[in-house]
Amino acid sequence: MRLAADMDYRGVFATLERVCEDNISVLCGPSDLPYGSTANRLLTCIRQIQEHGRALEPVVGCFTAVYHHYDFDEQTPGNGYRTLVKVLLSCLFHIIQKARYVASNYNSAFFRAEHNAAEMEAYCSALCQLRALLHLAQRLINDNDFGQLYSLKDEDLSRRFVQEYSSMHKACFYGRCLGFQFSPTLRPFLQTVVISMVSYGETFGKQQSGFGTAALSLLTSGKYVMDPELRGAEFERITQNLDLQFWKSFWNLTESGLLTGFSRMASSPVQVNLTLTLPPVTLRLPLAADPNLTITISPPIAHWGPGPVHMRLISWELREGQDSEELQAFYRSDPPPISVSSLPWVQKQPLSRWLLIHFHGGGFVAQTSRSHENYLRSWSKELNVPILSVDYSLSPEAPFPRALEECFYAYCWALNHCHLLGSTAERVCLAGDSAGGNLCITVSMKAISAGIRVPDGIMAAYPATLLTTDASPSRLLTSIDPLLPLGVLAKCLNAYAGMWVEGSLGRDTAMLLSDLTQGASSWIQSFLDPTRTSDQPQRRIGAGRTSAVASATNSECHVDFPEGFEPLRSECLAFVRPTSCPIIRNPFVSPLLAPNNMLRGLPPVHIVASALDALLDDSVMFAKKLRDMNQPVSLTVMEDLPHGFLSLSQLAKETEVATEICVARIRAIFQQENPPCALQKPPKLDQSASPSDSDHSENVKLSEPP
C-alpha cells in the first residue's frame, strides 16, 4: 500500500517536470510571439513552479515513508502529515492541468493570456506557501516524540508556528485557488461563504442590525466576485484583524428568520419542535454504584450565579409526555405554542427506549440549536428518536466553565425527566460537533467524577479535544482553510478560556470574567491535584500583549527555511495570542490532556473526522489515547470534506454520506446490547441491508426502536 502511494507521488512530480519543460519550450519561442509581457510572466511563473517541485519531491518522499506510523490503525489512514501531502498533490494536479492548457492553447486566437497568467501566478504563490508549511511539518516530525502529532513539550516550536502564521501571505488561498483541496461540489459554496464574509466585513459596524449589514453587503459583493485578488486580500485582512464580535455576528446570520425558514422548508418536518427553559433548581440523581444513594446536582453558577438553561426538543413523532402539562411549564415562549396533539390526525406514540442529547458546535462563541436544526430534524426522522439539543451560554460573555455546567445540568435533568421528553432513557447517547463534541466528552467526564450514570455512548463529529495553539501538522491547515483560520480559532479558544475579551466586553468586565474563570479552573484543579498550591501566579487578561507583539516582530522567531527559499510575506500582519493560560490545559477544557484516571469509564466513543479538517489531529490523538487505555473507541476519517460538514449535509453527496455515517454510529450505540470493554471497528455502511440483519447493523435505513 505504501509502495503504491510512493509511486503515485513520484508520477505526479515527473508529470509536473514534463509539463513545465513543455511550457518553457513554448514560451521561449521566437521573439515575435504574442502576449510579450504576459509571456514573460508565465515563463517566470513556470520556472518558479519547476524549482518548487524539484525541492518538494524529496520532502514528500520523507513524509510518505513514515506518515503511516501516525495513523490510528492500518484500516484508518489519516493524520495531519498525510493531509499535507494530499493538499500539496491536489495543488500540483491543478497546476498540471492549467499548465497543459497553456502549452496547448498559447498560440490560439482565443487564448486569454492575462487570465491564464493570473491563474498560474496564484497557484505558484500557493505552491510556495505549501512548501513553507511542509518545511514546518518537517520540524514537527523531527522534534516531536515518535507517533506524537502535537508539540506538547516544545512550546518554542508552537510559538514559532504562530509567528509564521502571523506574517505569512495567505490571500492566494482565498482568491483564485479558493477551496482547491476540497470536493469540487463544495467549491461554489465555499466561494459564496468567502464572498459573503468579505462583503459583510466591509459593511460591519455601519448598520445597527445584523440584517441591515447583510442587506448592505449584497450591494458590495459584486466586486469580490469579479476580482479574486481583491477578495483574497480582503479575506486575509478580516481574518487577521476583525474582533470576535464580527465573527459572532457573521456566524449568527444562520439564526436569522429568513435563513432558518429556508432551512426548515428543505429539511424533514417534525411533529414536535419545542423550546424549553429549565429553572435553576437543585436536582437529585441516584449514584451509579448504589441507586439507593443519591447525589445533589446544583444548577449552573459560574460567573453570575444560578440561571436558567435553554434547550430545544425535536421529535419526528409525538410521544407520550411531550404534550403534558408538566412539560408545558418549561415552554420558553409566552404564550405556549399550540400543542401538536390538537391536530386530529396526529397519533401519540409510546415512549421511546432511546434518547439523544445534542450539543451544537460554533467555537463556543456562536450559534444555537436553531442553526443545527436542519440535520437534527433528519436525525429524528431516521432514528425515530426524541432529540434534546442544549442552547448553552456562549463566550466571551460566558467563558468556561459556564457552558460545561449548563450542559451537564441539562444532561442530569433529562435523566430525571426523560418521560416528559418522550423516552424511557433506557439508552442515552450524547452527540455533538466541534465544540459540541468537546462538551460531549467533558460532560461524560463530569458524570464519571460525580458518580452518576454515564451515557451509553458518544458520537463526536470533528471534536476539539485540545484547545491550545500547540502546533500539529493538521493545524498547519489553518493557514489555508477558509472556514477555520488560525486567527479566528485562537480568538474562539481565548474567549472560552476567559482571556482577551476586552474588545467585546470592556476592560473592567473582561478582567472580572478572567478572574472568575481562573478561580473556577483553580477550584476544579484542586480536586485533580491536591498538592497544587493556590499562590501560583495567574496571568491577567491583556498581560503580555506588548511582549507578544514585540516577539512577533523579532526576526529570531521565524523558522530557518532552506537556503535560497523564503515564503511570501503578508503586508497585513496578524496578532495571534497563543492560548497559554492554565485554564486551557484544564482536563475539562482540553480532554486530550486529561490523566487516564479521568477518562477511564467513558462510554464507547465514536469519532467522525475529516481528513481536510485542521482539527483532524485532535481526533486521531484522542482516539489513540482511548485505545491505548483499552477504552471503547472508533475513528472514521472522511475524505475531501471541511470542518463543519454536518451543517452542509444537503449540499453534496459527500457530506450526505458523512452525515449518514454519523447517524449509523449513533444507531450502533442505541442497538448495542452490552458495551464491550473494547469497541471493534464499526462495519462499513451497507445501504442494502435490512434492520433485521444484525443487532449491530449500520445500514442507512434505520429501524424504529423497540
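Along the chain as shown, the residues are counted starting at 1.
The backbone N, Cα and C atoms fix where each Cβ goes, glycine too.
Whatever TrEMBL says is automated annotation, not expert-curated.
Taken verbatim from TrEMBL:
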- 13-323: domain 'Hormone-sensitive lipase N-terminal' (DOMAIN)
- 356-498: domain 'Alpha/beta hydrolase fold-3' (DOMAIN)
- Ser434: active site (ACT_SITE)
- 585-646: domain 'Alpha/beta hydrolase fold-3' (DOMAIN)
- 676-706: region 'Disordered' (REGION)
- 693-706: compositional bias 'Basic and acidic residues' (COMPBIAS)
* **Set of same-chain residues at least 6 away whose C-beta sits under 8 angstroms from Ser434 (active site)** => Gly361, Gly362, Gly363, Ala461, Tyr462, Pro463, Ala464, Leu615, His643, Gly644
* Helix, strand or coil at the residue listed as 'active site' [DSSP, three-state] -> coil
* To do: Express the predicted model's confidence over the domain 'Alpha/beta hydrolase fold-3' (585-646) as a mean pLDDT, rounded to an integer.
  => 97
